[in-house]
Amino acid sequence: MDTGGNSLPSGADGVKRKVSYFYDPEVGNYYYGQGHPMKPHRIRMTHALLAHYGLLQHMQVLKPFPARDRDLCRFHADDYVSFLRGITPETQQDQLRQLKRFNVGEDCPVFDGLYSFCQTYAGGSVGGAVKLNHGLCDIAVNWAGGLHHAKKCEASGFCYVNDIVLAILELLKQHERVLYVDIDIHHGDGVEEAFYTTDRVMTVSFHKFGDYFPGTGDIRDTGFGKGKYYSLNVPLDDGIDDESYHFLFKPIIGKVMEVFRPGAVVLQCGADSLSGDRLGCFNLSIKGHAECVRYMRSFNVPLLLLGGGGYTIRNVARCWCYETGVALGIEVDDKMPQHEYYEYFGPDYTLHVAPSNMENKNSHQLLDEIRAKLLDNLSKLRHAPSVQFQERPPDTELPEADEDHDDGDERWDPESDMEVDEERKPLPSRVKREIVEPEAKDSDDKKGVAEHSRGFDTAAEETACSKASDVCPMPIDEPNVKVEQENSNKPFDQPVQMYPKP
């Protein structure tokens, strides 16, 4: 088992990496509805660029196996998963109370195939984690994933199922410590909340902060209990450019890698932090955004690359195509090849677009203060936390079809008796697991207040949480301590909308 900071079999930074790329051809057919900014079609556009740039031939291309109910319930509550499975556009009017309870209907609409969509994008992220755990690739990519706002019992910010949390739970079966880095313009609140009280997952989010969805991610939010200082928030203002971004990103992430020494890294590559995004207000170039991928890759630690936000879809496709090239160690041409979506990229038909001349509201003084504060927080961590040995849960077996050898019609039946192939055999139980003692009464009181403020049914919550703890005995049943304690200005019975309708 790794002890953190491990090197990949593929060797030094200049050497090619073995990349597994997850893609379901159906994903581009899902439609959030007229006028909604989230467009799964962008994943299909990205795939078309990868195909015509010739990048697919350098990767193992895999069709993800859909996540099953029990896979989703490792983090999400049973009743929430049941609701997602059963709701349809035709039946939603009969379930208004449930829609309100689970925050579905505005930012997160009910659309045809909603549950299949969730199963697909979650299956790709968990499948990527399984590949990494088995050492079958150096980097796994799922551009359909990265939906970081979804909570245990509710949808939020266009996200229904938190594939990132599910993938991290899978990685924790093999790795003592997992690092999560989020470069979406929005705070990675769902992932931070899930792991707020553990020292086995560090979350680092770079995001716009101040009168902006979801309203969380203050620099003072640093974790709770055992997780104190294992949540890092980098609050940024409008117009941040490449130079300012990396003035923070590289020293902070460099120190995180030195102190935390993760066995695996998950990088959420939300493209709404690019210049010119429909909902964003940052000014990053595609190369500046991709520099984060290049930097994370340079540490030679198993890496899961996920999508996320991104609402100017031609630029999303540009960005994720270029970043796939970065993952592979292949520099792609700026001149775009002819393909089925070529007309989206006019009039220049190039991969890169120039950032704008918008004002950068992040002063040098502000950036210096943020950097100093976060590096100080990191100095308070003890190096590489140790965990006690404990029996680990069985491996997830999520077979997926290899697109290189598959006609797309035949799928494995997860309930069948057929043998799992060699790469799917469970790994020997040699991971250290953390045994978490119950928190003091004070934290229980806070938990009760927070749950009450969300209107959760406590009995159902406890049932769901006991099951989640079978998979990973971390206190993900206490995700709301921080929200109640330090972000009480957001009323939970009136969810903030990511994209308010006019």
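Cβ atoms here come from the backbone N, Cα and C positions, even for glycine.
Feature annotations, courtesy of TrEMBL:
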DOMAIN    36-324  domain 'Histone deacetylase'
BINDING   ASP107, GLY157, TYR311  substrate binding site
ACT_SITE  HIS149  active site, proton acceptor
BINDING   ASP184, HIS186, ASP272  divalent metal cation binding site
REGION    384-502  region 'Disordered'
COMPBIAS  397-421  compositional bias 'Acidic residues'
COMPBIAS  422-455  compositional bias 'Basic and acidic residues'
- Could you tally the C-beta atoms, other than its own, that fall within 10 angstroms of the C-beta of GLY157 (substrate binding site)? 26
- Query: Which one is it: of the binding-site residues ASP107, GLY157, TYR311, whose Cα lies the shortest distance from the Cα of HIS186 (divalent metal cation binding site)?
  - Reply: GLY157
- Query: Using Cα coordinates, what distance in whole Å links ASP272 (divalent metal cation binding site) and TYR311 (substrate binding site)?
  - Reply: 6
- Message: Could you state, as a whole number of Å, the largest distance between Cα atoms of any two of ASP107, GLY157, TYR311, the listed substrate binders?
- Response: 14
- For HIS149 (active site, proton acceptor), the spatially nearest of the binding-site residues ASP107, GLY157, ASP184, TYR311, using Cα atoms, is GLY157
- Task: Give the sequence-ordered list of residues that share a chain with ASP184 (divalent metal cation binding site), lie 6 or more positions from it, and have CB atoms under 8 Å from its CB.
- Result: GLY146, HIS148, SER205, HIS207, GLN268, CYS269, GLY270, ASP272, SER273, GLY308, GLY309
- Near-site residues: divalent metal cation, ref ASP184, HIS186, ASP272, CB cutoff 8 A to centroid: ILE185, HIS207, GLY270, SER273, LEU279, GLY280, GLY308, GLY309, GLY310
- Query: Including all protein chains shown, what's the count of other C-beta atoms within 10 A of the C-beta of TYR311 (substrate binding site)?
  - Reply: 21
